[in-house]
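Straight from TrEMBL, the features:
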TRANSMEM  12-32  transmembrane segment
TRANSMEM  160-183  transmembrane segment
TRANSMEM  203-224  transmembrane segment
TRANSMEM  236-255  transmembrane segment
TRANSMEM  275-293  transmembrane segment
TRANSMEM  300-319  transmembrane segment
TRANSMEM  371-392  transmembrane segment
TRANSMEM  401-419  transmembrane segment
TRANSMEM  439-458  transmembrane segment
TRANSMEM  470-487  transmembrane segment
TRANSMEM  507-525  transmembrane segment
Amino acid sequence: MAHFEGINNSFRAVIALLVAVCVVPLTADVLTRDHQRRLDLKMDEALLRVNNELDSDVLVTWRSERCYQCSYQQLGVIPARPSPGQSSSVDFTVSTQHAITLQLNSTPDTLELCKLRFHFGEHGNYSLWMKNLTNSSRCSIVTDADPVNSYIREFIFNGVVIWFLLFWFRISLVIMVFVNYGGGRYWFFRHESWNGLTVADLVFPWFVFIMGTSISLSVSSLLRSGSTRCSLLRKVVWRSVQLFIIGVFIINPNYCQGPLSWNNLRIPGVLQRLSWSYLVVASLDLTLGFPFLNMLFCSLWLFLTFLLPVPGCPTGYLGPGGIGDMGRYSDCTGGAAAFIDRWLLGENHIYQTPSSRVIYATHVPYDPEGILGSINSILMAFLGLQAGKIILHYRELPRSIMSRFLMWGLFLGAISALLTKCSTDEGFIPVNKNLWSLSYVTTLACFAFVLLVLLYYTVDVKRWWSGAPFCYPGMNSILVYVGHEVFEEYFPFRWKMANSQSHTEHLTQNLVATSCWVLISYVLYKKKIFWKI
C-alpha cells in the first residue's frame, strides 16, 4: 500500500510539469492572424491612432485609473488638419494593464475638448477621432483590430494557480517561487504599484505568519524534549545570522561575478526580514513572552510613521510621491520609511527600482523590505505564533481551534475595516505592501486565520488531502528559495522564447520552472536530504 502511495505522490509531483509543457502548442501563431501593425507592439500594449479634424493642435494626456490623485501625463500633440475635409493623425502605444482616462485639450489655449475613460485590449488597434462638431461630444474611439484575449488562453492554468492559493499553508513557498519567476508577466502576479493588493502581495506576509506558527510548535516540542531555553536562544541567534548573510548574498546580482562591492550593496531583503522577525519573535517567546511588547512595536511604528519629521515632505506622509498627489511631493516616496532607510543605510544600499515607478513614475530609491516595515513584520509573525499556541493548547478540540481562528480573523478584519474605511486609498492607513502598513498586516492576518480554518478542517480534521506534492518544497524551504534565486537564468528554469511578448510563453516557462523545484524537492525528500540552518 505504501508503495502505491509513493507512486501516486510521484505522479502528483510531475503532473504540473507535464501540463505546463503541453501548453506550448497553444502558443503557436498567436500574432500571425492579427493586424500587421501589432507586430511592433510589446506585451500589455495597444496601438492608438489619434485623428484630428480640428483647425487647432490637440494635446493628448492620460492617467491610469490605478493612479490615485495623479497629474495627467503627456501622450503627444496632434497637429491641426492640413485642409478642410482632411485629418492629421499620430500613432501612440498605450498600456493595457488598467483602464486609462484620456484628456484632449486644444493648444495653445488649453481648452478641454473632451475626456473619456477606456480600457484598451492587449495588441489591439484603435482610432480616436476628434471631429469638428458644435456640441461637446467631439471625440470617439473605434476598434480597428480586435485585441488578443490573453486571459482566455491561460484560463485553465490560472485556475491551477488559484487552486494553489486555496491551500496556501502548505504551498506558500511554491507560490512565492512562481511569482518571483514572473507569474506569466500578468499585472496581478506583480506587486501593486502602491496602495492595494495583488496575488504577489499575499505571499510574503503569509510566509512570515507561517514562520511564527512554526516557532510556537518547534519551541514547545524542543522544550518538552529536554532542551534548555539558553541553548535554544543560541540556536535562534545563530540561525538568524545565517539567514541574514545568505539573504545579502542572493539579493545582490553580482554574487557570482566576483567580490561584492560595498558601493551599491543592497542590505534589506526577504531573507533579511525573515531573519529579523524570527530573531525577535523567537527570542521574546523564549524569554519574556510578549503580548504587551507587541503593542509596543505597533506604537513604535505609528509614532515613527506619523510623527517623525521628514525634510521636504509633510509629516505622516504615506503616499507614493512621483506624479501622485498631483506631483506636489515627488521626492517623498514612502515618507518616514524611506527617510529612515536613507539615513541609516544610505541611498545606494536600498532597492533602486521600486514598484511605484510603474504607475506613479517615481524616481527615488525605495526599499519594500526596509527598516520601518520590519517592525510590522514582527507583528505578523506574532499573530502566526498565536495561531500555533491555539493549536497546542486545544490540540484535542478541533472546534475550539477553528472557533478561535475565526474570532481572530473577525477581530483583525474589523481593525482593517476601521483603518482603511473599506477603501483602497481613502482610509486612515491604506493597505500597502511597500510600507508594510498596519492595515496590510491586519488584513493579511485576517485572511490567514480564515484560510487556516479551511485548511485545518480539510487537512487535519477530515484528512481529505495530505498536501502532496506541494508540501515537499516546505521541507527544504531554504534550498528551494536560494536555488530558485541563484539558478533563475539557467535552463530548465529559463530559455529563449520564440515570442518574448507572449503571456502564454512566459506562463509556460514560469510554470515549468516552479514545477521543476517541486520535483527537485520531492526527490530530495525521497533521498532524505534536507538543508537546514
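In case you wondered, yes, glycine gets a Cβ from its N, Cα and C as well.
TrEMBL entries are annotated by machine, without manual review.
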The transmembrane segment (371-392) versus listed stretches 203-224, 236-255, 439-458: most Cβ pairs under 8 Å: 203-224
Proximity of the transmembrane segment (236-255) to the transmembrane segment (439-458), 3+ C-beta pairs under 8 angstroms: no
Chain residues in Cβ proximity to the transmembrane segment (203-224) (below 8 Å; excluding those fewer than six residues from its ends, i.e. six or more beyond): 168-169, 172-173, 175-176, 179, 232, 270, 273-274, 277-278, 281-282, 285-286, 377, 380-389, 391-392, 433, 436, 440-441, 444-445, 447-448
